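Per TrEMBL, the features are:
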type	residues	note
DOMAIN	A:1-198	domain 'Heme-copper oxidase subunit III family profile'
TRANSMEM	A:23-47	transmembrane segment
TRANSMEM	A:59-82	transmembrane segment
TRANSMEM	A:94-117	transmembrane segment
TRANSMEM	A:129-157	transmembrane segment
TRANSMEM	A:177-197	transmembrane segment
Amino acid sequence: MSTIPITPDPADEPWVLPDRGTIGMACLIIAESAIFVIFVVAYIFYMGQGLGGPTPKQVLELPIFTTICLLSSSLTLHWAVVGLRKSKIGAFNAWLAATVVLGAIFLIGTGMEWYHLIYVDGLTIQTNLFGTTFYSLVGLHATHVIVGLLMLIAALIFGLTGHVDEKHAHRMDVLSLYWHFVDAVWVIVFTVVYVLGR
Amino acid sequence: MADSVSGLSSVEAIDLTPVEKPRQLFLEVLYDWVTTVDHKKIGLMYIAYSLIFLVIGGIEAIVMRIQLAVPHNTFVSPQVFNRMFTLHGTTMVFFVGMPILFGFGNYLVPLMIGARDMAFPRLNAFSFWISAFGGFLLYYSFIGGSGLYGAGSAPDVGWFAYAPLTARVFSPGHSTDYWTLSILLSGIGSIGTALNIVATVICMRCPGMKLNRMPLLAWLYLVTSSMVFIAVSPLTAAQIMLMLDRYVGSHFFDAQAGGSAILWMHFFWIFGHPEVYILVLPAFAFANEIIPVFSRKAIFGYPAMVAASVGIGFISLSVWAHHMFAVGMGAGANVFFVFSTMIISVPTGIKIFNWLATIWGGKIRFASPMLFSVGFLFQFLVAGLTGIMLSVAPFDWQLTGSYFVVAHFHYVLVGAILFMIFAAFYYWFPKATGRMMSERLGKWHFWLMVIGFHLTFDFMHIPGLLGMPRRIYTYEPGRGWEIWNLLVSIGAVIQAIATLIFVYNLVHSYYKGEKAGNDPWDAWTLEWSTASPPPSYNFATTPIVHSRRPLWDIKHPEDPDWNYE
């Protein structure tokens, strides 16, 4: 054993790395954002270029109520996680249930909107470029809402059956990152489709 | 050895010789591999699957070169030729290039950063299987169609699948659907693996491995993987649109209904150009590890190398439309993309000079990995020079869609990336199998490959300059193209022979190669501190590092590396 004058870092330097769940979700969000950007670009590119058929101005109505529901669900989910961190499982369950209900209201609203568009206004994905880009962009977002809702419902079931405690808070953090992302995307979709598009 | 220095030295105290297991039944072995979540096994499966596709894609290239060797050849029909170049391109990019680099990444990144596995092992297995399924789905299109040579109803729309070739009218049947679905699935797999690598590099490093001490390979995989989910996601989105067009009758790329074919080109090349850098950055990564070890010098300009890689990552996202100069985007757009394309040669040049400075004055050992790396340096330089030529819009207008372009990008893909992949095989094969690859066969492989490569792709520039377009299945005699095409075809066959020697070398060395030991190259990074092949948990104790070259510190305690950082 040769003795070496070693003066590397102080050995007691704490070695803390970021949480892999958070980083993984952040990466997923970047990837998903890139997908959404392409669909939004396609929507903007074809805005007002449809050949005939119903135009956005004729058929689209501002989904104010469902938008408020979706955006406030971000807040309720945040309170749910805060409650969980303080070990208030009851509050966690209640706020999580509220989040699920609000998300469901949003989805039902989208469903009713689509029903009206298809069966009353006769706008399908095949009708014109507006139909093509509208259903694909809004549908892509709705798909993400469905996926998020399924995960939230799973968390709620675990919560109600007593399988959740404050140790799981960081997992709920990761899930709520996803949900906040879905909400943020809706702000962009809402602006592009319902405000600029009309 | 100083036990107090790091966890590394204590590794040697523990017996790491693999325990002789009783022979397993074939089904048990298969079950082990199919259900594994071990990053090393998944890495090897990636590499094996891409080698299978390398041979398939190579056969397709040879079929094309036989067809083009002489004028008026009737070896294959025009339809089959179209299928061959479509499958060749798609296979080589999506089912050879990406998986083989992800395979090395999977295998090496956790080992080099001192982790026991990837951040998400099960996601890793999922990504592999869905990518592999995508690859096999592409070739499933062969089954049950019409056509010569079993080409069935394989896709024939080119690897870029320009609209409106992919519209139902021009591409009836299901060939394009197979193409879209297979790309979509492998894209999902790629995004999953990329996410996993980023999370691994950020969250799983062993104590002491700060970002500025990571091996450059880990840095480059971090950059590449970040690019994958910015660049491959648009492709996934575009494939979804194409599928909507084909299945439910939407009009994204349907010019009859006001859709735009140019939009597809943009979406495709937003993926397609960064893809080149996604493929070439891991090749740089291998060079960053191999060249210093075989020059016996630390890499020159570590911070510059990192900065250049990140720079390439950023700039490459803004150059896609240099594939579209001839489309008619207008002068403003052309100028922007000319300059963004040229600017990327600055960080690339920094890298080349740093490698040269690393070699300069070193004690160079010309073993097979170093031979291939030197070939890479030279050929990558030439490829970069023709790249700068093509970035000039007026020059590109003359030569786009000609064999000059084909020669240019094959110079990058074969001359740079494939050469570095071969180098990586020779370098890390001892780690993965515990045996050395044959140096004698390696030298044969290298020299035949160099001769074949230059015969093929040097001379391919000339018919391009003489006006020979890409993607033609035959040509008239008397235009001065015959001799060059014949030479190109001969070169292609020589490359094929060289590759077969390489495959033989792999198989032969796996069974008969000489024992390698833990550290056959006298290298410096963490993967060489564990057994060859590494045990399933990688390291007996979690290593602790204090510098960029942890094994150097252990081997040379009187002159540790951290004095120089």
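Cβ atoms here come from the backbone N, Cα and C positions, even for glycine.
Long-range contacts of the transmembrane segment (A:94-117) within the same chain: residues 59, 61, 63, 65-67, 69-70, 72-73, 76-77, 79-80, 83, 123, 135, 138, 142, 145-146, 148-149, 152-153, 155-156, 159, 179, each at least 6 residues beyond the stretch ends and with a Cβ under 8 Å from a Cβ of the stretch. Same-chain neighbours of the transmembrane segment (A:129-157): 32, 35-36, 39-40, 42-43, 46, 49-51, 53-56, 70, 77, 93, 96-97, 99-100, 103-104, 106-107, 110, 114, 123, 164, 172, 175, 178-179, 182, 185-186, 189, 192-193, counting only residues six or more beyond its ends whose CB sits under 8 Å from a CB of the stretch. Here the domain 'Heme-copper oxidase subunit III family profile' (A:1-198) returns a mean pLDDT of 90 for the predicted model.
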